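Chemist: Sharing the features that TrEMBL gives for it:
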type	residues	note
DOMAIN	A:18-92	domain 'Glycine transporter'
DOMAIN	A:104-177	domain 'Glycine transporter'
TRANSMEM	A:15-35	transmembrane segment
TRANSMEM	A:42-63	transmembrane segment
TRANSMEM	A:75-94	transmembrane segment
TRANSMEM	A:130-149	transmembrane segment
TRANSMEM	A:161-179	transmembrane segment
TRANSMEM	A:185-213	transmembrane segment
């Protein structure tokens with residue numbers, strides 16, 4: 001088992017590093033495109049992209065007092081976001097962006113960021129409920145900040161199953177850990193759950209129930 | 001005096017604990033209702049409610065470097081906010097919310113949060129002016145963040161006497177402490193002042209002077 | 001050289017103190033005027049003014065974990081912002097504000113805040129790229145927060161050369177330090193570059209390229 005574990009650890013290390021940058025890039029692209037719809041200039045596009053891809057992790061680190069903040073400790077996250085935003089700025093002039101594919105990539109980013117955020121909170125010794133909240137924050141706060149900066153009501157507050165996917169998947173991650181499954185199995189189960197739920201939401205157009213006032217029903 | 005003091009301390013401990021959760025609940029309801037007017041889904045309602053009831057204290061703790069942040073130290077605040085928001089989400093479907101009564105409750109929340117925020121800053125050794133600012137932040141920042149997230153200009157920037165009540169009451173709290181009154185008397189005076197001023201604002205429709213450009217007068 | 005250096009150090013200390021308060025005042029005025037255009041009341045005007053003039057430095061200090069935050073360490077910044085905002089509130093009722101002159105003052109504030117923010121990050125031992133980002137944050141985040149609170153898309157994301165000026169000037173500041181020039185020369189070169197570029201932007205109406213979707217070109 002130990003050889004398999006160490007092999008899978010090495011393999012999973014590179015996968016995690018890949019998913020990390022993949023998530024950063026996808027969120028940066030989503031920020032750049034939202035900024036683009038507002039006709040922002042190259043600087044605005046950069047800032048909105050960075051807020052989108054680094055905002056969630058930054059907020060988590062500030063609240064958990066986990067200094068240095070993730071992109072100060074490792075500036076390659078910063079450069080990954082800048083490069084992805086710049087590429088989007090250039091490419092979108094010439095090609096129609098494949099929106100549906102980007103949504104799928106964004107779902108992968110959400111799945112990974114949520115679980116990674118939970119693991120960071122757990123590593124700092126926080127309780128399961130705080131870890132779940134911090135995972136959720138890591139996964140969705142960037143998108144919320146993106147929409148606030150772009151003067152929109154955050155999309156994830158009224159679009160198809162999004163945060164709910166993160167909550168359910170993050171919850172399962174905790175349950176699997178609690179039952180006694182290893183960190184890798186738990187992580188994979190959590191991520192796949194988030195991904196599946198989110199993709200179901202995208203392709204079946206499912207959304208959560210919205211707030212309804214009793215007045216609405218009368219009028 | 002000592003028996004009275006200790007009795008009143010015990011009594012006031014339970015009152016303070018009650019006011020704490022009362023404030024959380026009222027602010028969470030106000031957040032949930034604002035989110036409801038924007039037709040957010042259940043998740044959006046939860047997030048806006050939590051930002052409203054915990055945002056002010058979180059911002060204060062981040063700026064004062066007072067870790068762990070209040071709701072990480074005591075997760076029952078978090079659950080109180082979630083329960084209040086969920087209850088609002090459900091109840092508002094069937095009953096018309098008693099808006100005027102909610103405004104009165106919100107005034108109690110403002111009064112308590114402002115003074116409690118000042119006490120926390122003072123306990124950390126901060127000057128009177130910083131404590132006043134931190135109390136104000138605890139009392140009003142949640143509502144400001146609520147409106148920013150919901151894409152509105154913060155209500156308290158242009159509604160009836162709100163922050164002014166907190167500033168005056170917080171100032172009196174400081175003056176009473178300075179003169180030599182005990183912490184309880186000072187706290188009660190401060191809170192009652194805020195409450196009275198805010199209720200006067202609500203029921204008499206008083207507001208603070210608004211910004212006026214000289215051009216307005218000419219045209 | 002040493003006499004000249006010490007004389008110039010004394011001189012530059014007072015100049016720096018002057019520029020510090022000048023920057024605070026100018027940014028507070030810009031915040032108050034933006035709030036004024038939204039017809040906020042005196043409290044709203046104060047809050048928006050303080051967010052504008054202290055927001056960038058606060059965000060920088062939170063992210064760098066540099067406690068106490070700048071205006072808690074030195075409350076005179078706070079009072080400078082409050083006085084400037086109050087003066088604007090009063091004066092704007094009677095006089096037309098000299099907008100073009102305010103833009104020039106704002107450019108001076110931008111130049112100084114950017115370089116001062118970089119120096120603080122460097123003093124805390126951060127790398128050139130993080131220092132540049134922190135300088136940029138110190139210079140522009142206040143204006144971004146001002147516009148978010150006032151429910152506008154941040155002006156600096158689509159107006160004439162603004163952040164670009166800060167990036168180029170901040171970059172030159174780093175290059176001059178790297179080459180071996182003294183801190184004062186480097187600072188002056190950086191600030192003058194930012195000022196010149198920003199003034200060029202204002203008076204020649206130059207702006208950065210905006211995001212363009214390929215669809216735009218087709219339709």
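These residue numbers are counts, starting from 1, taken along the chain as shown.
Cβ atoms are placed via backbone N, Cα and C, with glycine included.
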Chemist: Output the single range from A:15-35, A:75-94, A:185-213 maximising the number of Cβ pairs under 8 Å to the transmembrane segment (A:161-179).
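Modeler: Answer is A:185-213, with the largest number of Cβ pairs below 8 Å.
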Chemist: Which numbers of helix, strand and coil residues does DSSP report for the domain 'Glycine transporter' (A:104-177)?
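Modeler: Its residues fall into 60 helix, 1 strand, 13 coil.
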Chemist: Against which stretches of its own chain does the transmembrane segment (A:185-213) lie, if we need a Cβ under 8 Å and a gap of at least six residues from its ends?
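Modeler: Hits for the transmembrane segment (A:185-213): 100, 103-104, 107-108, 110-112, 114-115, 118-119, 158-162, 164-166, 168-170, 172-173, 176-177.
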Chemist: Do you know the mean pLDDT across the domain 'Glycine transporter' (A:104-177)?
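Modeler: Average per-residue pLDDT within the domain 'Glycine transporter' (A:104-177): 91.
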Chemist: For the transmembrane segment (A:75-94), find every same-chain residue at least 6 residues outside the stretch whose CB is under 8 Å from a CB in it, and list them.
Modeler: 20-21, 24-29, 31-33, 36, 42, 45-46, 49-50, 53-54
Chemist: Apart from its near flanks, which chain residues at least 6 from the ends of the transmembrane segment (A:42-63) lie with a Cβ under 8 angstroms of it?
Modeler: 23-32, 34-36, 69-71, 77-78, 80-82, 84-86, 88-89, 113, 117, 120-121, 134, 137-143, 145-146, 149-150
Chemist: Just to be sure I understand, if DSSP states are collapsed into helix, strand and coil, how many residues of the domain 'Glycine transporter' (A:18-92) fall in each?
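Modeler: Residue counts in helix, strand and coil order: 62 helix, 1 strand, 12 coil.
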